[in-house]
Each structure stands twice: as C-alpha cells, then as structure tokens.
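Read through the structure below, which is laid out as structure tokens, and then see the notes.
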Amino acid sequence: MTTFGQPKALTLSGTHTRRRGDPMRWAYFAGFLIVTLALMLPVIIIVLTAFKPASEVNAYPPTLLPHQWTLDNFAAIFSQLPFGRLLGNSFAFAGGVTIFALVFDSLAAYALARLDFRGSRVLLIVIVASLMIPFQATLIPIYQLVSQLGWVNTFAGLIAPRAADAFGIFFLRQFFVSLPRDLDNAARIDGASEWRVFRSVVLPNAVPALLTLGIFTFVNNWNDLLWPLVFTTDQNMGTVTSGLTLLTGPGGIIPQGVMMAGALVAVLPLAIMFLLVQRRFIESVASTGLK
Amino acid sequence: MTTARLQRTRPFRPHGQLGGRTPLNGTFKRRATIVGFLAPALVILAAFVGWPMISALRLSFTDASGFGTPTFVGLDNYTRIFTDPEILHSMGNTAYYAVMFTPVSIAVALMLALAINSPRLPFRSFFRSTLFLPFIISLAVAAFAWSYLLDPQIGLLNYWLAAVGIHLGNVLQDPVLAMPTVVLVAVWKNFGFYMVIFLAGLQEIPTSLYEAAQLDGANGWRRFTNVTFPMLSNTMAFVVVVALIAALQAFDQIYVLTGGGPYRSTETIVMQIYQSGFKDLDLGFASALSYVLLIVTLLLSLVQFLFFGRRGEANNS
C-alpha cells in the first residue's frame, strides 16, 4: 500500500553504516547548522524584529538581537490595523475553502475511484488536464462571474470559486484507489448504500490523506495574495496576507517593527499546524513529485 | 471493470427488489447516486474553471472594458501582445526571471538535499523540517522580511555585506539589481519544496549502485555524476517543469517589493494581467494575455506529462 499519505520512500533512517565515532560527523553537523541558520535569516529577523522597540528597529548600525525585548509591536498591530478582523477573515476564508473542498473533492473522488460508471476515465482525464490551468489565467472571467452574483467583498465570493479543486479530487482519488476494496464490498454485501460505504468505510480510512490535503489547501489559501486582492476591495474584508501587504508595503504607513509582528502572527497558525504534522506533511509533499 | 459491465447488461429490476440498496441494481437510483457524489464538485469546476476558460477566450477577441457592450476586434489584442514594446518587455522580464529562478533554486535545493541525505549528518529530520519552513510562509511575508534585511539604511544584510566590502545600495530601486532581488525572494521561499522532492528522489536510488561504484573506485564526485545525477533525471525533469511554471506566475513578492518598477524592470506577465485587467479595466487585452500564459503553461505541462507517461510505461514493462 504505497499511498500519498505514507510513501515508503522518505524514511531518513540511515541505510548506510552509521559511524558513531566519526569525528567528521560533528564537523559536518556544525557546518551544516551554520548554513541552515544563514538560510533561516529572514525567519530569524522576523521573530527578533517583532520584539524590538521602534528605536532599535531603525537604529544604525543595525543589530540582530534586541537589547530590550518588548511586546509593543504586537499591541500596535491590533490598535493600528483591523488585525483581529483580518485574522478572522483569513480563518474564515482559508478554513471555509478547506472544509468545502475536502467535502466536495472527497465525494467526487469516491465516485471516480469506486462507482465504476461510463465515462469515468474520460472525466478523470479532463479533471487532471484542468489541473494545468493557472488560476491567474481565468481570473478576469471568474471576477466577472463573482461580481454578477454580487459576491465581491463577501466570503461567498472568496470561497465558492475554490470550493472544489481538481488537485484535491485527483489526490484523494489516488488514495481511495489504493485502499483495499474488500472492506467496502463487505459493507455493500451487508446492504450498505454507497453513501454509507463512503462515510463509514472509506472516509475513516482516508484520514491521513484528508489531513494532508486539508493543510495543503489551508496554507495555500491563507498565503494567497492575488486572490483576496482581487475579490476584496473593502479593507475590512481583506485577509492577513492582503491586509498586511496593502497597509505596510514599501512606503506604507506602518513601521517595520510592527510589520514584522504582523508577519509573525500571520505565520504562527501555519507554523503550529506544520509542527504538529510536519513529517507526514513533508512526506506527502515529496510524494507529489514521485507519482 | 468487468463487474461494471455486467451491471449494465442486467435487466431492469424494479425498485426495492434487492432492498434498493445494493450496487447491483443498475437503475435510476444508481445513476442518481453517481450524480449526487459528483455534482457538487463538478458544478463548482464547471462554473469557476470550465466556463471562465471559454469566457476568457471569448473576451480576448473583444475590447471589453467592464462597461457597455464589448465589440469584436478579431486578433487585435493578440497582435498588440506581440508588437507592444511594453508587453514584449514584460514577457522578456518573465523569461529572465525564469532563467534565473529555475537553475538557482534547483541548485540550492539539490545541494541541500544531498547534504541532508548524507548518513554522516546527525539530526537529519530536524534540518529537513527547518529548511522546509520557508515554503509554508507566504511570499508576501517573505518579501517583508527581505525588504527589511536589504533596506539601504538599516538593513542588517546590507550592513554585513558593507562590512566585507560589498556595497549593494538600494537594490529594489536599482533597475539592474531589482529583478535578481525578487528572484532571490522566490528562491528562498521555494527551495525547501524542491529540496524535499529531491530528497525523496535520492532515497529511491538503490544503495547497491553506490556500493558497486565504490568497489570500482569511484570518488564522491564520480559517484554523483555517474550514479546520483542520472538516477535523479525523472525527479529533475519534474522539478524543472514545476519551477518553470511557478516562474511564469511570478506576482506576489513583486507586487509587495517593487510594484513592477523601477522603470518596469520587474514587470512580469501576471503583474501586467493584474494591471490591465483590474487597474486599467482593459479586460479584452488582459484576457488575451491570460490566454498566452495559459497556452505556455499547458505546453510545459504537456512536456512533463509526456515525459512522465513514458516513464510510467517503462516502469510497467
């Protein structure tokens, strides 16, 4: 059962002989740690600057560590920006898209994986082909449609166009196909309807795949800039990503220390989710390149 | 598959004969079930992917502006794309961006993947997770951090580089350096993703190949060029295409950092689509530009699909 959820490929346990006494091992470690820290400099600077008082943020010569740690910047994002509102919008938008997409994608994926019907193969090919359409290319007609529906500046407008997506359907279909059919056939013989097989047999077995797809969808939408820029003109409907960008961009009105505090808070929910499921998430991401 | 065919040839069964619940009564009820499962997703995809594709094509042959009735203008918009020096410039910029972004991000990702894959390195999972972190940060937020690091007055990176004799100045206002800078931000955000894909590819290479190479006396570099690199060609092809497609869609960090400037030096196709479509309301023209982006992306995907299709057959045989 090689699946998207747990590919066997990416185990990091040493296949070569481990050289415990190898002194080069720790030199190698130290060297790579320095490289990693250097590459993480932007993350480090976000975290440290967020805790610096304004006088230090703009000081010359600049320093890495704050001399005096402060929470003023965090207080400022909530008083100078409608930041609570932006966070709420981001949760509603990214969370809404994620929930709808998981439900609709898994339903369609089940039909494609289990309900053998005429044309299912063609339908799958069409869906996979539509994966290749960049959303930027269809943004204008989507905007026209959303605006005709009167959905600009509403959550409906932000969420509905993404309530199902081809990648999710394909990803879940591949996972469902990999699940043994014996389980659901047993349920069918017991008289279970397709809906019941889907809900009680297939879905509970697909939790890892649903979790991975859910986090992937959530992160992508939370981080998206162009989409909320286009579908929200009212600042109170923006997301943290679009709101921070509009209010703080270069030459913006918000000082950089406050901007970094905003950036840190914007990244935090994703970082927490990522830390909780990092291994599985990374392995699933990796497997998209293998299949 | 055979059972499916059998079902269809079975005679009509009155509803309820088998409790109306088994998949064996290939009747109206079964069709309703299939439609019920598919309909929500297909309605969304038809409305927000299928229809917009047709609609964008139609719009691209008009002078639509969002007001009044659009007039059919034939190929005018497409002619303009390939003659207007500003548009050609932004296409050139996109190509320049792709030419820098793709090899640099791949080289960084591959080197890190090789380093992490070495059994000599302790705490490999820690490094893998840490280096993946930028991928979950939005490009906009990454752009904030980089703009602060590269600030000409108070930027830490500028200050450190000046200490070793490299004076960058205001990179985002420099027509030569602005593009490499926005590419750098994208490379930083994406290398972790490509690294993880390379890592997965590296781990599929059988260790016996390395052992054989070692027996033949191949040094580290020879093992890389003769074993690792050829065995990684499928992964490499995948990452190249994915990186090229990402490069074609460059927008977020450019919008945040330079707005396409200075002197349009960072104006890319998607920046231009946003400007024409949502600022100038030149919907017909922006749609034509969108279609050019769409076709280039499809061609790239097709190359990948053919490559992977062939690889799949090779694996099966």
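Glycine too: its Cβ is placed from the backbone N, Cα and C atoms.
Annotation source TrEMBL lists region 'Disordered' at B:1-24.
Within the chain carrying the transmembrane segment (B:34-54), a Cβ under 8 angstroms from the stretch's Cβ atoms is held by residues 294, all 6 or more beyond its ends. Marked as transmembrane segment by TrEMBL: B:34-54 (among others).
The domain 'ABC transmembrane type-1' annotation in TrEMBL covers B:91-304.
Marked as transmembrane segment by TrEMBL: B:95-117 (among others). Sequence-distant contacts of the transmembrane segment (B:95-117) (same chain, six or more residues past either end, CB-CB distance under 8 Å): 124, 127-128, 131, 179-180, 182-183, 186-187, 190-199, 202-203, 224, 228, 236, 239-240, 243-244, 246-248, 250, 268.
Within the chain, the transmembrane segment (B:129-149) has long-range Cβ neighbours (under 8 A, six or more residues past its boundaries) at 112, 116, 155-158, 172, 181, 184-186, 188-193, 195-196, 252-253, 255-257. What TrEMBL records for B:129-149 (among others) is transmembrane segment.
Per TrEMBL, transmembrane segment is recorded for B:177-200 (among others).
Look at TrEMBL and you will find B:231-251 (among others) tagged as transmembrane segment.
Sequence-distant contacts of the transmembrane segment (B:288-308), counting only residues of its own chain at least 6 positions beyond either end whose CB sits under 8 Å from a CB of the stretch, comprise 53, 56-57, 60-61, 77-78, 80-81, 87, 234, 237-238, 241, 244-245, 248-249, 269-270, 272-273, 276-277. Annotation source TrEMBL lists transmembrane segment at B:288-308 (among others).
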